[in-house]
Amino acid sequence: MKFIIKLFPEITIKSQSVRLRFIKILTGNIRNVLKHYDETLAVVRHWDNIEVRAKDENQRLTIRDALTRIPGIHHILEVEDVPFTDMHDIFEKALVQYRDQLEGKTFCVRVKRRGKHDFSSIDVERYVGGGLNQHIESARVKLTNPDVTVHLEVEDDRLLLIKGRYEGIGGFPIGTQEDVLSLISGGFDSGVSSYMLMRRGCRVHYCFFNLGGAAHEIGVRQVAHYLWNRFGSSHRVRFVAINFEPVVGEILEKIDDGQMGVILKRMMVRAASKVAERYGVQALVTGEALGQVSSQTLTNLRLIDNVSDTLILRPLISYDKEHIINLARQIGTEDFARTMPEYCGVISKSPTVKAVKSKIEAEEEKFDFSILDKVVEEANNVDIREIAQQTEQEVVEVETVNGFGPNDVILDIRSVDEQEDKPLKVEGIDVVSLPFYKLSTKFGDLDQNKTWLLWCERGVMSRLQALYLREQGFNNVKVYRP
């Protein structure tokens with residue numbers, strides 16, 4: 001099988017040296033992602049496209065899906081590469097490829113040509129289009145908005161029959177811009193803002209301020225791992241968890257009610273800036289949107305920014321909540337965000353929307369900054385790829401099995417889309433579908449006399465969810481890894 005990767009248009013308008021660097025980085029990213037599926041595949045870069053060739057036909061859909069999620073790719077063409085002799089030969093090959101698709105449909109032919117030939121692209125379009133129209137009686141030519149567009153590419157003596165076109169996510173390849181640290185909470189905003197910076201070519205590390213114990217951290221780890229695995233797995237990134245409960249306790253005890261929200265955000269920015277400086281990261285990323293909550297007015301945002309020299313990026317600053325939720329739905333984080341535990345440890349009864357710098361600084365003089373230094377020093381930093389391994393250690397009490405007994409039921413916790421694409425069928429045992437984001441509310445409705453074997457494709461989500469259910473008091477869960 002063969003795929004032609006078309007570059008994001010903004011890459012093609014760069015200078016020659018920058019364009020070549022971007023293409024080289026994108027080629028490396030594609031190799032890093034796809035080597036997990038087929039170690040024998042070849043990735044070859046050209047001036048205006050990248051070729052991916054693989055032998056394992058069983059991995060075709062998986063490879064195609066992975067390519068649509070790599071930043072820097074505008075679209076992917078799945079092609080059949082064949083030699084040709086003349087225009088009539090092109091027509092005959094197109095007829096074999098497209099006959100079934102064109103039955104009863106309107107169509108047009110679009111051709112791109114590279115190399116020296118005694119015909120033009122328009123000549124091929126007319127010849128092939130006329131031939132298809134004559135040989136498929138129920139088909140009809142329509143040049144604007146046809147039901148089917150027959151895409152052909154001619155390069156020297158090779159014909160590329162386009163079997164399918166699939167849109168990528170665009171943007172710049174990860175690694176073409178500098179690293180950033182995303183302040184991730186697991187909600188709608190921070191997930192979308194992290195994705196937007198990945199799409200713009202940044203390697204995104206994650207910093208999580210834990211206000212709610214193990215269950216909260218498990219949920220946020222799931223979101224961070226999902227974002228990395230889906231859009232940024234070409235690079236290693238860090239997941240830094242900071243236990244912020246001592247800081248919250250100090251704020252609740254010593255800070256005036258109306259100033260709590262702004263001061264908490266200032267403490268988070270101070271802590272994140274220290275982490276960023278430690279690892280050489282150039283900027284922080286937050287999901288703040290103008291006016292969404294009291295701490296996100298221009299006055300308050302300016303005061304929050306003042307505590308650090310580190311650049312703070314807010315890609316969602318002008319977005320409304322509906323737009324953010326729609327983006328979360330597109331990238332697959334909506335269900336995580338909807339079921340994420342809410343921990344509002346610092347809730348002011350009358351939060352200020354226009355904080356005064358002198359008052360904020362006066363309140364912060366009451367704060368013991370050694371507490372902040374200590375929680376940053378004790379921050380837990382892991383390679384995001386180790387989240388799965390670390391979860392294995394944490395869920396020692398949850399048994400992992402590769403077989404099943406008479407009282408066992410497999411619980412497929414993948415998302416609905418994944419279940420529809422690859423239904424799970426295991427001979428000799430019932431399989432029940434319950435997406436991971438419904439476990440917290442629906443698992444208790446299942447037959448608790450059964451032993452439930454949680455399963456997902458890579459085993460990360462099933463382990464995290466097993467730990468979560470154990471914490472909720474459900475002891476009839478195991479992890480299924482055949």
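Yeah, the Cβs are placed from backbone N, Cα and C, and that goes for glycine too.
Quick look at what Swiss-Prot annotates:
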ACT_SITE  Cys456  active site, cysteine persulfide intermediate
BINDING   Leu183, Ile184, Lys265, Gly287, Gln296  ATP binding site
DISULFID  Cys344-Cys456  disulfide bond
DOMAIN    61-165  domain 'THUMP'
DOMAIN    404-482  domain 'Rhodanese'
Averaged pLDDT, computed only over the residues in the domain 'Rhodanese' (404-482): 84
Counting across all protein chains, other CB atoms within 10 angstroms of the CB of Ile184 (ATP binding site) number 27
Have a look at the binding-site residues Leu183, Ile184, Lys265, Gly287, Gln296 and say which one has the shortest Cα distance to Cys456 (active site, cysteine persulfide intermediate). Ile184
According to DSSP, collapsed to three classes, what secondary structure does Leu183 (ATP binding site) have? strand
For the domain 'Rhodanese' (404-482), what does DSSP give as the number of helix, strand and coil residues? 28 helix, 17 strand, 34 coil
With DSSP helix as H/G/I and strand as E/B, how many residues of the domain 'THUMP' (61-165) fall in helix, strand and coil? 38 helix, 38 strand, 29 coil
Of all the Cα pairs drawn from Leu183, Ile184, Lys265, Gly287, Gln296, the residues the record ties to ATP, which distance is largest, in Å? 16
Close in space, distant in sequence - Leu183 (ATP binding site), Cβ under 8 Å, 6 or more apart: Ser190, Cys207, Phe208, Phe209, Met268, Ala272, Leu284, Val285, Thr286, Gly287
Starting from the Cβ of Cys456 (active site, cysteine persulfide intermediate), draw a 10 Å sphere and report how many other Cβ atoms land inside it. 22
What number of additional C-beta atoms lies within 10 angstroms of the C-beta atom of Lys265 (ATP binding site)? 22
